[in-house]
Amino acid sequence: MSDSDLGEDEGLLSLAGKRKRRGNLPKESVKILRDWLYLHRYNAYPSEQEKLSLSGQTNLSVLQICNWFINARRRLLPDMLRKDGKDPNQFTISRRGGKASDVALPRGSSPSVLAVSVPAPTNVLSLSVCSMPLHSGQGEKPAAPFPRGELESPKPLVTPGSTLTLLTRAEAGSPTGGLFNTPPPTPPEQDKEDFSSFQLLVEVALQRAAEMELQKQQDPSLPLLHTPIPLVSENPQ
């Protein structure tokens, strides 16, 4: 056997010895951990503060304590529970058909975090779905005032009292009030044609009245030209 083979064998033996020494914890530390495990055998899941306290008592790191409890719950805890006449499957982490309350208690706050985080995507989806008709509804509303603006365009030109009554009647019978309650913003085409013809009559009457006022101011001796105004205003009735 060569010197290189002897060196390799010695290296393997030294590694094996280190692994064995690394896995063995001090007896006093193990006794403290065993006592804590027995006192909390029905809920053998130490909290973060308890881990720090055990770390100070045993002079071990928190990681070593976590690893020790993981192994102890699988190897030591079932025997402790059987001595008490309990079913280990109801208290250990290896159970599969246990109660939901037993699963939630050892994990601390992790189940509550899951319960809060799961509904979050559904809320986002519900908000995105509900926001679509809201935006579409807001986009449809500005289309309604256009027919109303067309009807009110000759309003500043009104000077006689008879034409003012005609415009107020036209506004009272306009279909724009019902458009805000119905989803489709398109009014009937027949109403548009009726109001367009009525609008032409109003404009002609206003233009005729203005011409008569000018003629009356230029030549006051023509009172007969002012008589046709009431006839024009009564035609739409």
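Glycine too: its Cβ is placed from the backbone N, Cα and C atoms.
Swiss-Prot lists region 'Disordered' for one of the ranges 7-26, 87-106, namely 87-106. Swiss-Prot marks one residue of Thr159, Thr186 as phosphothreonine, namely Thr186. Residue with Swiss-Prot feature phosphothreonine, selected from Thr182, Thr227: Thr182.
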